[in-house]
């Protein structure tokens, strides 16, 4: 027992490491089984229907619900015990974000329930049970994450590892199911638009999973069926955020934490007006571009080409601004001499790994577009805008990742804006201490020291004044010189702090601007504005099916990258 409580030993750490390996393998196998089932349904495998996939997902959600209820009940009985918390995990803004996505997910579930009721004659009962189970799962999971995302579990560690990792991969499978369903819908729309761009040599075969019966109320069914696909991006983000928060909880099981004071970093709008204004301008223009793009694309060949040209020009301008802002921020960091925080932090490590890992999705698409432009024999005019766009996507993510990762690893600077204006100065003779004037007095030319106004402090109980003629004058002169020197030192500290505050203000504005830009760039692919589908050049070079597979695999990571970058930049803004 003493070994377990003290420093880690081979006997004490091996069972926990073994449990970590076993639970991770359990989760991976759980995920792979569900992934293959999802793939089998997507390709219309013989003997595999949607009801089989939904039954599997319902079972996983029910198991997670039972585990969360057990954990909540056990926590309620032990609520008086003092538990370790990971102050870096489960930030309040992250909980608010996942709550917002969860509310929209509940609206999606209500749409699915309404859709099932209208088509109940020809749909499997699992399609009605799934949204109900999913809604209950969403409500309880959000409550669980609000209350226990920061927990560092120290009891029932082996059992809890399996429960948490089961929750992680359940959310990943629900994310995969949402991504696949939304991608199939986007692919069907894309196939219908290809003809308008003149690519008639591509065979159009719609991958249709629509019910084989009529709806009881046509108008309501149309609202439900169309609304579902507009709400899927929020459902997708909800599940990936939940899985990352649960993964941090899993990594924290059995962890020993150094107890130190964590400085709160609330978000403040003060000082970031410039970044917010430019960011909101980008956000507004992006929404307008997406609306026009979705209206124009597929209308005719000319309209489609104009929509693609408009999208590329806007994206090139925004990405160039983001690259410039990121370079300025990195140059400011190079001018500062501040150490990095290399302490163990699962949440921070996961953030950095997700940034680089999910950026690979965009890089894959960008390199595919660059290669297609180089190798293609015919180049429509609008495709040339794709070249600088693809290059800037690669460069921008590279610069932004450097900025975010360095920002979250930098030690938080403890800046005191109210500089101490009184400095205790030791006087060599008489063991006397005097208080020097503030830098404000020096700056305003009021540093006139009157011996009657300067208090003196003694280590003893009496404050003695020297009453000698020449000796007193010399001592007073020496004391004044010392005071002026220390006051000048105070003024230099103030100047240095003012320069630091200016740098911080610039960095906060850059972080705010990049935050809104990443939200802006999340909107187009999340809501169907995907030029990788619509320009058609890559599909001619690589072939229709191979390029569609690449896009469907890479696009979810590209979409998640933007939302995760926005979340990380929000944290950077609070921390700076």
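Glycine residues also receive a Cβ, built from the backbone N, Cα and C atoms like all the rest.
Whatever TrEMBL says is automated annotation, not expert-curated.
Residues or ranges marked as transmembrane segment by TrEMBL: 26-47, 53-72, 93-117, 129-146, 229-250, 271-295, 311-333, 354-379, 510-528, 540-561.
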Report task. Could you name the stretch, out of 53-72, 93-117, 354-379, with the greatest number of CB pairs under 8 A to the transmembrane segment (129-146)? Result -> 93-117
Query raised in the report: Which residues of the same chain, at least 6 past either end of the transmembrane segment (271-295), have a Cβ under 8 Å from a Cβ in it?
Result: 307, 310-311, 314, 318, 321, 505, 508-517, 519-521, 523-524, 527-529, 573
**Report entry** the transmembrane segment (540-561) vs the transmembrane segment (26-47): 3 or more CB pairs under 8 Å
**Finding:** no
Query - Same-chain residue ranges lying at least 6 outside the transmembrane segment (26-47) that approach it to Cβ under 8 Å - result: 53, 56-57, 60, 162, 165-166, 168-170, 172-173, 176-177, 180, 184
Query - Chain residues outside the transmembrane segment (229-250) and at least six past its termini with a C-beta under 8 angstroms from it - result: 23, 86, 89-90, 94, 97-98, 101-102, 104-105, 107-108, 111, 138, 141, 145, 148-149, 151, 153, 161, 164-165, 167-169, 171-172, 174-175, 178-179, 181-182, 185, 346-347, 350, 354, 526-527, 556, 559-560, 563
